[in-house]
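See below for the structure under consideration.
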Amino acid sequence: IAKEVVKLLEMKAQLGGDEGKHKFVLKTPKGTRDYSPKQMAIRERVFNAIITCFKRHGAEVIDTPVFELKETLTGKYGEDSKLIYDLKDQGGELLSLRYDLTVPFARYLAMNKITNIKRYHIAKVYRRDNPAMTRGRYREFYQCDFDIAGQFDPMIPDAECLKIVHEILSDLQLGDFLIKVNDRRILDGMFAVCGVPDSKFRTICSSVDKLDKMPWEEVRSEMVGEKGLSPEAADHIGEYVQLHGGLDLIEQLLQDPKLSQNKLAKEGLGDMKLLFEYLTLFGITGKISFDLSLARGLDYYTGVIFEAVLLQPENDHVEEPVSVGSVAGGGRYDGLVGMFDPKGRKVPCVGVSIGIERIFSILEQRVEASEEKIRTTETQVLVASAQKKLLEERLKLISELWNAGIKAEVLYKKNPKLLNQLQYCEDTGIPLVAIVGEQELKDGVVKLRVVATREEVNVRRESLVEEIRMRTSRP
């Protein structure tokens, strides 16, 4: 039957009788979206805040291709590797769309033999995930990454990454947040003393990582039922992963008879103590929690790991609170660059990724709720005329303004009514109107009207640029 169907379809295709009937589906692919001018205006605000922070901390910017050789990405993401988009063989190379910005960064460092850089990179990444668009989860989305690569004294760069997360989340005013911190070495040490076999470390790690979304009972049954861990080991892990606190908890665990015997865990706890001392100097420990359940499923982390979560949902109008979960995450990955280097030379790295989509969906909801008017252009002045036959004069004036760097618009009509021109300013939020009329031209002035107050002043043509700048410069 299948063969006959194929034959019939081929015949149908040759006949081509369906032309003109096929309804074209107008939609974006699953897990993607368009952004309207209003949404882009909100996004730009967020990007600007983030870039300003990255630059304040002395970062340079780089860019890398949107696709990489498939082998560059393979084996770097643990259980998440199945979410990588593979491209068809094009021109003899097997390619995949980048899954994050960290692996391309490591490839870039190894390829260019760079051992020391502080960089940021803002670009789109791709994941063949089951999208949950309402919660800001997409298949194509932006990541904003900041990383410090190089051999430095322990925990100083790591503390700066946490300070950056704190600055950005405070600046964006998203509501209360908490930055959870843990260390891969503490986790691995804990797994070892709890009796998890080496071969199961990573897979158990990705189960622990689900504790923010699932209750302990479900995580425990996944470990025992699906992943074959002994119930005793699982219960043992349960005693640890439900602990969280600050310096006091670190001290307590350093005294823990089992953990303190484990070399990895001891190293991790020692560094964690140092980290908290630096965070105290930065004055941000109030928002930081040492949390033993934090695991972060990615394979490449080797030391400190952290994740920022929003605490209370920012939406009073919805009965069911919209939890947006994690809005930033990162950690130390000292082995990744060495994976790419032919001689295996390691470059220690620590970095953070800001979850721009989640942040953006919160701000978008907030703007919707507050009905705040968002300007989608930055036009400072509309060049208008009060009488007919003044198109040439309007074009002359707007050209002068553009050449002086003023953001200006003109209506594309020979003889627009003054009322329509003023209405356009109201609709788009343009603050000033420069009106040319016959009398003004004779007197060598331009009538400048403030849209909000309707106040009008005559300004000499040669002083107009200065006047507009003065009236539209942000206080």
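Backbone N, Cα and C define each Cβ position, glycine as well.
TrEMBL labels come from automatic prediction, so no person has curated them.
Lifted from TrEMBL, the feature list:
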- 31-363: domain 'Aminoacyl-transfer RNA synthetases class-II family profile' (DOMAIN)
- Asp100, Leu101, Thr102, Arg127, Gln143, Asp147, Arg296, Tyr300, Tyr301: L-histidine binding site (BINDING)
Cβ neighbours of Thr102 (L-histidine binding site) where a neighbour is any other Cβ within 10 Å:
26
Which number gives the other C-beta atoms within 10 angstroms of the C-beta of Gln143 (L-histidine binding site), all protein chains shown included?
19
Would you mind checking how many other C-beta atoms are within 10 angstroms of the C-beta on Tyr301 (L-histidine binding site)?
26
Asp100, Arg296: which of these binding-site residues has the highest Cβ count within 10 Å of its own Cβ?
Arg296
